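Features as listed in TrEMBL:
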BINDING   ASN62, LYS63, CYS64, ASP65, ASN134, VAL135, GLY136, LYS137, SER138, THR139, GLY178  GTP binding site
DOMAIN    18-182  domain 'CP-type G'
Amino acid sequence: MSVMQNIQWFPGHMTKTKRQIQASLKLVDAVAEIIDARIPVSSRNPDLDSIIQNKPRVVLMNKCDMADPSSTQKWINYFKNNGIVAIPIDCKTGRGINKFVSSVNEVLKEKIEKQKAKGLLNPTVRVMIVGIPNVGKSTFINRISKNRKAKAEDKPGVTRGNQWFTINKGFEVLDTPGVLWPKFEDKIVGERLAFTGAVKDQIMDTELLAMRLLDFLKVEKNPIFVERFKLQNDQIEDIESYELLELIGRKRGMLISGGEIDTERAAIMLLDEYRSAKLGKYTFELPEN
Ligand code: GDP
């Protein structure tokens with residue numbers, strides 16, 4: 001059984017967003033794609049490359065406060081080797097976002113120099129911000145813009161109109177026109193979006209989702225996780241994820257009548273603690289070599 005039970009998928013949405021983005025591409029010099037540093041593959045829209053084609057682009061690896069720092073560096077290098085400027089950012093504290101304007105200017109260096117050579121002294125740079133729901137677009141725009149119009153929304157998939165924000169004199173950003181969905185018809189992508197809280201919990205099988213998260217945690221053996229649940233490394237060596245969920249529930253005294261473990265409650269607690277960064281920093285996807 002998949003953890004994704006009844007995702008509503010409307011192909012028409014993608015067609016509409018694609019048209020909206022393509023129409024707005026004419027208005028901008030570059031695209032800033034925000035991804036989740038913990039899931040750099042699953043948090044991307046698979047059609048984006050074909051939509052934006054050769055438009056200059058920067059990648060903002062957001063939520064890097066919750067990702068494994070050495071993996072983030074591997075991704076930055078991977079993007080660099082593919083000719084893409086990527087920067088790690090953390091919109092919660094603002095770390096890294098001061099590099100945004102300079103990285104866009106770096107990508108547009110030739111264009112800006114050409115404009116200056118033509119006598120255009122201070123051309124305005126316009127950038128479209130794109131990304132799947134919940135990746136942190138509103139939080140990012142709130143942090144960088146002077147006119148605080150954007151609102152952070154906890155609900156995935158909230159549609160917004162064409163909105164411009166001024167960053168500096170001569171530097172403006174446009175919020176994503178339309179909703180750019182992830183590829184959540186793919187089971188693994190759906191699961192990873194669910195761990196990281198990008199998809200609502202109500203549509204998930206919570207225990208199954210917690211088990212999928214434990215599949216990672218038991219391999220990583222991050223000391224923060226191991227110590228938090230007072231586990232022994234050898235205890236989690238060959239354990240099934242469901243048994244590990246029971247063990248964690250027992251450690252927390254989550255019992256139901258008859259001495260059985262309340263694995264549903266344990267699952268909710270585990271996902272909650274992971275999402276509030278109490279179990280350590282993890283990156284679930286690494287670049288291919
Ligand atoms: P949007 O749908 O892309 O506009 O995403 P939002 O800006 O509404 O952010 C979704 C959630 O992620 C909110 O709860 C934010 O507080 C949170 N968030 C955004 N950026 C970061 C970050 O860098 N680190 C952490 N830990 N949380 C973040």
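Cβ coordinates are placed from backbone N, Cα and C, and glycine is handled just like the others.
Checking the binding-site residues ASN62, CYS64, SER138, GLY178 against ligand 1, the ones with a C-beta less than 6 Å from an atom of that molecule are ASN62, SER138. In this structure, of the binding-site residues GLY136, GLY178, the smallest number of CB atoms within 10 A of the CB marks GLY178. For the recorded site, ASN62 (GTP binding site), the DSSP three-state label reads strand. When each of the binding-site residues ASN62, CYS64, ASN134, SER138 is scored by how many other Cβ atoms sit within 10 Å of its Cβ, SER138 comes out lowest.
Comment: GTP site residues ASN62, LYS63, CYS64, ASP65, ASN134, VAL135, GLY136, LYS137, SER138, THR139, GLY178; largest CA to CA distance 27 Å, whole number.
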